[in-house]
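As given in TrEMBL:
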{"type": "TRANSMEM", "residues": "B:12-38", "note": "transmembrane segment"}
{"type": "TRANSMEM", "residues": "B:87-109", "note": "transmembrane segment"}
{"type": "TRANSMEM", "residues": "B:121-141", "note": "transmembrane segment"}
{"type": "TRANSMEM", "residues": "B:161-179", "note": "transmembrane segment"}
{"type": "TRANSMEM", "residues": "B:191-210", "note": "transmembrane segment"}
{"type": "TRANSMEM", "residues": "B:247-266", "note": "transmembrane segment"}
{"type": "TRANSMEM", "residues": "B:272-293", "note": "transmembrane segment"}
{"type": "TRANSMEM", "residues": "B:313-332", "note": "transmembrane segment"}
Amino acid sequence: MIRTEEMLLNVGPQHPSTHGVFRLVVKIDGEIITEAKPVIGYLHRGTEKLAENLQYTQIIPYTDRMDYLSAMTNNYVICHAVETMMGIEIPERAEYLRVMAMELGRVASHLVSWGTFLLDLGATSPFIFAFREREMIINMLNELSGARLTFNYMRVGGVKWDAPEGWVEKVKEFIPYMREQLVGYHQLVTGNEIFMNRVKGVGVYSKEDAINYSLSGPTLRCTGVKWDLRKDEPYSIYDRFDFNVVTREEGDAWARYHVRLEEIEESLKILEQAVEQFPAEGEILAKVPKIIKAPKGEAFVRIESPRGEIGCYIASDGKKEPYRLKFRRPSFYNLQILPKLLKGENMANMIAILGGIDIVLGEVDG
Amino acid sequence: MVEDLLHSSAGWLNFGIFFLLAVVLLLVVLGFVTYAILAERKVMGYMQMRHGPNQVGGRWGLLQTVADVLKLLLKEDVIPKLADRPLFIIAPVIAFAPAFMVLATIPFTDKFQFADIGVGLLYYIAVSGITTVGIVTGAWASNNKYALLGGMRAAAQMISYEIPLIMSVVGVVLLSGSLNLNDIVEAQKNGWFIVWQPIGFIVFFIAAVAELNRVPFDLPEAESELIAGFHIEYSGFRWAFFMLAEYVYFFAMAALITVLFLGGWLPLPFLGFIPGAVWFALKFTAVVFILLWFRSTFPRVRADQLMEFGWKVLLPIALANIFLTALIMELVKLF
């Protein structure tokens with residue numbers, strides 16, 4: 001007589017496709033997942049608690065380590081929150097440098113997402129190609145900030161360093177190069193029959209589900225919700241640029257893949273305009289007090305990171321440290337829908353769904 | 001020469017000569033495996049805009065694999081406590097032995113072949129199936145859930161791709177009227193079977209890639225899903241045996257494709273002055289290169305899609321190909 005039983009399989013925290021120390025306890029029947037339970041916290045460093053004992057400027061390097069694939073947006077969100085509370089006017093040149101840094105970071109982040117997603121699906125070459133382009137971006141950001149990954153570039157009131165000579169030209173040269181490479185990406189992967197079979201209709205969720213699970217970023221826009229904070233609640237100088245909010249209707253891994261790749265193109269558009277408009281001279285740091293003290297009260301700001309809405313809540317009692325600091329970390333929220341999506345899928349789809357959500361564990365665990 | 005030996009009476013001298021030849025073949029195969037791994041890494045490296053091995057053994061990394069093998073030899077031999085010990089030990093051997101057994105029938109040139117048996121093709125396909133038993137055994141004996149999943153995938157894959165593989169060569173057998181690999185090559189004098197059997201060739205090639213467990217059909221190992229699949233608990237030289245088996249099959253399958261569809265040692269027209277061995281090597285290398293090319297291009301197929309593709313697409317096409325071939329042959333006979 002044949003007897004079957006469910007098997008409890010521990011995926012991670014050491015697993016090639018969990019994008020870090022993410023653990024997933026799955027119950028599988030054959031290869032079909034009947035229940036999935038994500039376990040997080042292996043990379044928890046208590047950023048929010050630590051911040052309560054740190055001055056505002058000292059918190060910035062901690063934010064680098066949250067979403068380490070797009071540290072610029074994290075830098076920005078904390079600076080933006082403090083600036084909102086203090087009512088600081090940011091110099092023009094600093095705003096442009098910030099936007100360029102953030103958009104370059106977005107391109108780099110989506111490139112990593114693209115490469116690792118395909119690596120999860122078993123294609124090795126796209127990963128290398130994506131990292132080749134990302135390397136160029138990282139070198140540019142390195143010239144700007146002096147670091148390759150944890151930039152610590154932005155300050156309350158502006159940015160730390162001015163762009164070195166010829167840097168803007170480098171960004172300008174990068175834009176057509178990247179566009180050319182994107183064509184190659186599509187040729188290599190997008191039309192591939194195997195790839196399409198792997199992602200089409202995988203991990204589908206509806207518009208309502210996406211909103212109810214408070215998904216954001218590409219994971220929300222893949223269902224057709226046109227919501228991008230750069231457009232809908234313009235912060236910084238995003239209202240000056242002409243770009244589209246990319247949406248797809250399908251709500252599956254295929255749609256998320258497309259949204260990310262097309263967002264790279266939109267980011268390039270913004271970069272192109274920013275390079276055009278970049279003021280030749282000007283301050284890069286506003287006049288701010290030596291010791292930054294946010295006034296008594298509270299503030300919440302949110303911006304669009306590559307992974308979704310990253311928010312920062314500050315409650316201040318007027319000291320030089322925040323009384324309470326909270327980050328709304330998009331990866332953490334985006335991950336919530338995973339158990340629902342995984343039910344009834346098989347092992348291979350599990351990887352495709354997880355890769356499609358594009359989590360960064362530093363951000364999930366905080 | 002081999003022909004004469006085969007027909008002479010058995011004796012120690014014959015045994016000695018065969019033994020020596022077998023050793024030579026073994027060394028050739030091991031040499032191939034060594035450099036196939038290097039070639040794979042180099043070709044993939046250049047396709048991915050990196051250099052590949054370039055430290056050990058000069059600029060081309062010629063001794064890289066040798067160093068790797070030495071390292072594997074020196075590794076501690078780990079057998080998990082809860083593994084089924086005898087099965088765990090014997091599994092790599094079961095996977096590895098048939099890989100060498102199939103090489104005996106492959107005619108490298110019209111003179112150089114070890115066993116010119118009448119049912120060479122059948123022998124090859126039958127023996128090569130045994131390897132999967134080794135893989136499943138190893139997966140089961142490891143007592144690891146990932147290994148088990150990998151082993152089950154390997155078994156399912158073997159069943160669904162062995163059949164289209166056999167069916168796709170029936171067209172070749174019909175055309176040549178023989179299961180003997182020598183005769184099959186001889187029958188291609190008027191044109192390679194890749195020309196007469198294009199559908200058969202495509203089905204065979206896809207099924208062969210699946211048989212070899214290579215990208216895009218590398219499900220039993222599926223690095224990003226099952227980490228290493230069936231050989232997850234293996235390390236050191238036992239692991240090397242699995243890898244060796246895989247690469248020897250790679251060698252054997254490329255040779256078989258050359259023999260069945262690319263005319264073996266037969267030269268292109270007007271280029272007959274180049275010896276057959278060179279022709280064989282050239283065609284063989286081309287097949288190997290295409291397989292390496294696959295690896296750096298394709299994502300992995302999903303398990304259920306693989307099954308569907310095998311049963312619902314490849315098998316009907318292979319069957320239709322048999323019918324078509326037979327029909328055309330009869331029609332040609334009529335007129």
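The backbone N, Cα and C atoms fix where each Cβ goes, glycine too.
Any TrEMBL annotation is an automated prediction that lacks curation.
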Are there 3 or more C-beta pairs under 8 Å linking the transmembrane segment (B:272-293) with the transmembrane segment (B:87-109), counting only pairs at least 6 apart in sequence?
yes
Have the transmembrane segment (B:247-266) and the transmembrane segment (B:313-332) got at least three CB pairs under 8 Å, pairs 6 or more apart in sequence?
no
Near the transmembrane segment (B:191-210), which residues from the same chain, at least 6 beyond its ends, have a CB less than 8 A from one of its CBs?
157, 161-162, 164-165, 167-169, 171-172, 175-176, 184, 216-217, 253, 256-257, 260-263, 266, 291, 294, 306, 310, 314, 317-318, 320-321, 324-325
Stretch-level contact, the transmembrane segment (B:121-141) and the transmembrane segment (B:161-179), CB cutoff 8 A, at least 3 pairs
yes
Tertiary contacts of the transmembrane segment (B:272-293) (same chain, 6+ residues out, Cβ under 8 Å):
36, 39-40, 43-44, 47, 108-110, 112, 209, 212, 214, 250, 254-255, 257-258, 262-266
Sort out the residues at least 6 away from either end of the transmembrane segment (B:161-179), same chain, that have Cβ-Cβ distances under 8 Å to it, and list them.
118-122, 125, 129, 186-188, 193, 196-197, 199-201, 203-204, 206-208, 210-211, 217, 260-261, 310, 314-315, 317-319, 321-322, 324-326, 329
